[in-house]
Amino acid sequence: MADAFDVVVIGGGPAGENAAGRTAAGGLATALVETELLGGECSYWACIPSKALLRPPEVHWLARHSPGVREAVKKPLDASEVLAFRDKMVHGYDDKGQAEWARHAKLEVVRGHGRLAGPRTVRVTSRDGATRELTARRAVVLATGSRARIPDIPGLREAKPWTNREGTGAGKVPRRLVVMGGGVVAAELSQAWKSLGAEEVTLLQRSEHILTRLEPFAAELVEKALRESGVTVRTRTQVTRVHRPGGQGEVTLTLDSGETLRADEVLVALGREVATRDVGLETVGLTPGKPVEVDDLLRARGVEGGWLYACGDVNGRNLLTHMGKYQARLAGDNILGRQEEAWADARATPQVIFTHPQVGAVGLTEAEARERGLPVRTVQVGLDSVAGTSLLGQGFEGGVKLVVDEQRRVLLGATFVGPGVGEMLHAATIAVAGEVPLDKLWHAVPAFPAVSEVWLRLLEAYGL
Ligand SMILES: Cc1cc2nc3c(=O)[nH]c(=O)nc-3n(C[C@H](O)[C@H](O)[C@H](O)COP(=O)(O)OP(=O)(O)OC[C@H]3O[C@@H](n4cnc5c(N)ncnc54)[C@H](O)[C@@H]3O)c2cc1C
Ligand SMILES: NC(=O)c1ccc[n+]([C@@H]2O[C@H](COP(=O)([O-])OP(=O)(O)OC[C@H]3O[C@@H](n4cnc5c(N)ncnc54)[C@H](O)[C@@H]3O)[C@@H](O)[C@H]2O)c1
């Protein structure tokens, strides 16, 4: 016999946990189905461990730019301590803490692989093969996330490449690492492993620049910083073949130029594929293997009755933890009977790239705003325009660009590059999401001598 709940959530990553937490807090009987670890990719193999690997090198880099401190920190980083810190931050890959949270949140955690088995029905297969059927009176939320995409390059799969799992979880620093890709994972992890002592790190990107979704000035500054930290960045380069007999030992990569590269490990950072191949989408008329397309209320399109929701990476809208959690809160609210649209996905999404220097970006880039036919004006200033930057450290490069809707005189987007700018981003997110008029921002006075005085320089450059 089926166990009945009000809501069944499949996938206990950040999105699933937040959707389930929200509906349970609203008084609905909620089951959360998880096949691996509560907390998902983000907690164990993505956001948290990657930032744990990047923070000590960032502090070391900041110290090396600070007179007096520079002289005191001449030694290289202690990689084994950093790896131990990473292990601590992922709780030794144990989800006891999250299970405790779920208990307090009054969720029923069901361990096993969940699959839709028709409308409002989820079949869970546990590790020992036992199955349990759950029905949902109100809604099913699909939050199964994503995994690394490994393209069909001859020999790549057989070479047993690192994905984000080994790329964030490896127990020792490889001597020679090749990173395939030029997105955020590639930028962050190539810098992390180089800073931790890898002798050779080579990043291979097929397009002309890395980080193609950012404002070009931001991508250029990160690319320059990667090169300065010793990463070999090769753009307009594709891998055509990979050779690693038995999937261990030295890896040989053939490039489209015909040249070969040798490495001890190869990390695939070529984007994600949504985890929808084996979740029973076909039983409700959707196509397996594709993102579950949703409307702004987070309801799956093409499913009658509006009972199926999808949030987080699985819907392909914004592959970021905080946006998955945002969608999850709204999906929860909508299941509880509110009608809250997830409009920030399309126009106010923030992202921080935790390289050194950091990039913080929110909203639309100039190119995206122009593509949408908006009346765009931009202003850009260097971080060296404010006293706070030189107090923070010496020789920092960075800058900020604002994208303004010239008709409405509100911000459409902002991009910051520089040390610690991630913590400055939220002011811009408030201005973009709140559509704060520039004339009002003029009265939001930044404190002196903080780096955020750059807001004043930007508004002056705009003509206020
Ligand atoms: C290296 C790396 C670094 C990143 N860093 C950041 C960052 O700093 N900031 C940021 O915002 N984003 C970052 N991201 C992106 C972020 O990890 C994802 O956006 C986020 O994890 C998505 O959350 P989710 O809940 O949708 O999916 P996931 O975290 O993928 O969780 C999905 C969960 O569902 C479970 N599951 C899957 N299928 C089933 C099933 N059939 N039955 C039961 N359970 C199932 C999985 O086991 C998993 O626990 C990073 C990604 C990578 C790869
Ligand atoms: N700090 C953060 O917020 C953070 C950190 C890491 C990851 N993430 C998120 O996780 C997601 C995955 O990151 P990612 O870096 O894997 O993906 P991505 O989509 O950001 O970048 C993938 C890169 O690989 C290139 N590529 C794809 N296929 C290729 C091929 N066959 N040959 C050569 N190049 C190819 C693409 O041009 C692109 O530059 C992203 O959406 C990202 O926003 C966020």
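Each Cβ is built from the backbone N, Cα and C atoms, and glycine gets one as well.
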From candidates Asp296, Asp313, Asp333, TrEMBL puts in the same FAD site as Lys51, Gly114, Thr144, Gly145, Ser146 the residue Asp313
Based on what TrEMBL records, which one of Cys47, Cys311 is disulphide-bonded to Cys42? Cys47
Relative to ligand 2, which of the recorded positions Cys42, Lys51, Thr144, Val185, Ala187, Asp313 have a Cβ found under 6 Å from one of its atoms? Val185
Annotated FAD contacts Lys51, Gly114, Thr144, Gly145, Ser146, Asp313, maximal Cα-Cα distance (Å, integer): 30
Which recorded positions from the list Cys42, Ala187, Asp313 come close to ligand 1, meaning a Cβ under 6 Å from one of its atoms? Cys42, Asp313
Restricting attention to the domain 'FAD/NAD(P)-binding' (5-320), give the mean pLDDT. 97
Under 8 Å Cβ-Cβ from Lys51 (FAD binding site), six or more apart in the same chain: what's there? Met89, Phe354
Just checking, which of Cys42, Cys47, Val185, Ala187 (recorded positions) has the fewest C-beta atoms within 10 Å of its C-beta? Cys47
To the nearest Å, how far is the Cα of Gly183 (NAD(+) binding site) from the Cα of Cys42 (disulfide bond)? 17
Nearest of the recorded positions (Cys47, Gly114, Thr144, Gly145, Asp313) to Ala187 (NAD(+) binding site), judged by Cα-Cα distance: Cys47
